[in-house]
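Record features (TrEMBL):
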type: BINDING; residues: 12-18, 40-42, Arg304, 330-332, 412-414; note: GTP binding site
type: BINDING; residues: Asp13, Gly40; note: Mg(2+) binding site
type: BINDING; residues: Asp13, Glu14, Gly15, Lys16, Asn38, Ala39, Gly40, His41, Thr128, Arg142, Gln223, Thr238, Arg302; note: IMP binding site
type: ACT_SITE; residues: Asp13; note: active site, proton acceptor
type: ACT_SITE; residues: His41; note: active site, proton donor
type: ACT_SITE; residues: Lys139; note: active site
type: BINDING; residues: Val298, Thr299, Thr300, Gly301, Arg302, Asp303, Arg304; note: substrate binding site
Amino acid sequence: MPALVLLGAQWGDEGKGKATDLLGGSVDYVVRYQGGNNAGHTVVVGDQKYALHLLPSGILSPGCTPVIGNGVVVDPSVLLSELSGLNERGVDTSKLLISGNAHIITPYNVTVDKVTERFLGKRKIGTTGRGIGPTYADKINRVGIRVQDLYDESILTQKVEAALDVKNQILTKLYNRRAIAADQVIEELLGYAEKLRPYVADTVLILNQALEQDKVVLFEGGQGTLLDIDHGTYPFVTSSNPTAGGACTGTGVGPTKISRVIGILKAYTTRVGAGPFPTELFDEDGEALRRIGGERGVTTGRDRRCGWFDAVIARYATRVNGLTDFFLTKLDVLTGWEQIPVCVAYEIDGKRVEELPYSQTDFHHAKPVYEMLPGWSEDISKAKSFSDLPKNAQNYVKALEEMSGAPISAIGVGPGRDETIEINSFL
Ligand code: GDP
Ligand code: IMO
Ligand code: MG
């Protein structure tokens, strides 16, 4: 059984953590391939709730090896506190593997993220302030610090000094901030080296050997398709590739090994941070979705912007990721609406448009064209099979499937592991 990818089909927070955890018990490896602790993945196991930021959701499945791939950016202090938090709750984290090629989010990257956003003022992206953009910028600029650099003090010193030479000019002269002392950063980073050493490994080799031995590898995306640096709503995006291709570059596993790409799709839409969002609601329906869906950020505690389901976006996610399946989440949240609007196309400057426009200007002008689907009032949270759902809920799912361009193979009807209807097996 080759590799599977599980990724967000919208703007993040679709329920990737729950879906990954559900499969975690049946796979050998769960691998994060991009992003960092900007992610907040909630997993509910029985009466226990876990909020994971950097660790793959497979960490909660005892038989599974969690891996942080080379494409991830790692804040060592966040990682270590996440590990000790889980250890205190009795979770064994000893199997974790971290790529030596993953880049480190340094304290100055976090500072630069925050001051840049402040400087942008009204034009800010609304980042999570975790240093994600500046760390990926350093990686591309070839001045980044990698996990393996922690084990060569001389190289680490040279790299931190080189990076700070430029950054301190910008911090002091442009942003009017204090310079950051290189020796303090180096000391802090060296302090993490021995604590991380047991986990650092050649993850590219390990994952490819595992696949040769027919082990099952699940790639867990952070963020979502519309937050992708290449395929998302640029510039209101994150700085990595959550789309399916990112799973290859972010782990060193070739595309021929991937047999299934599962898009996690919320039954409505949410977004955190700035940027266009055609189906966004500013009325009591939006407020109700936020309240019933518990739409508050796991990482930053910000309220999520809420809106109706957008089939144009779902179709786009199917296309750019080559999705084989959808996992539809949070269908239970829509219980109680008499009619549920679904965006089937956009109207842009008076013209009907069926597909996501590539132009930012057009997308900013896109107005949703809604079709009304009949709702249901029965509690669906105990449904175990598709036929347990009320007819109108079944029709809502079928309509979304038809519009989105890939089969819906599972449906979430609650946050718990067992609150899931499986239609087609993923494994
Ligand atoms: P992620 O970032 O994609 O992992 O998603 P988040 O964890 O940020 O947000 C999804 C939220 O929805 C979490 O609080 C989950 O526990 C919850 N959730 C996931 N699936 C379902 C579902 O089917 N129904 C309900 N009611 N909640 C769900
Ligand atoms: P999960 O994995 C939702 C958003 C931020 C901001 C933009 C850029 O939980 O789905 P960044 O800090 O990445 O430079 O911020 O991306 N963002 C997310 N939104 N879910 C996430 O992760 C996100 N990670 C980043 O709000 O708009
Ligand atoms: Mg999240």
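Glycine is no exception: its Cβ is also placed from the backbone N, Cα and C atoms.
Shown are the binding-site residues Val298, Val413; of these, the residue with the fewest other Cβ atoms within 10 Å is Val298.
Proximity to Gly12 (GTP binding site), defined by a C-alpha to C-alpha distance within 10 angstroms, is shown by none of the binding-site residues Thr299, Thr300, Gly301. Under a cutoff of 8 A between CB atoms, and with a sequence separation of 6+ in the same chain, the neighbours of Thr299 (substrate binding site) are Asn37, Asn38, Ala39, Gly40, His53, Thr128, Arg130.
Taking the C-alpha positions, the distance from Gly301 (substrate binding site) to Asp13 (Mg(2+) binding site) comes to 13 Å.
Between the C-alpha atoms of Leu331 (GTP binding site) and Arg304 (substrate binding site), the distance comes to 17 Å.
In the three-state DSSP scheme, Thr128 (IMP binding site) is classed as coil. The candidate set comprises the binding-site residues Asp13, Asp303. Of these, Asp13 has the most other Cβ atoms within 10 Å. Across the structure, Val413 (GTP binding site) and Thr300 (substrate binding site) place their CA atoms 25 angstrom apart.
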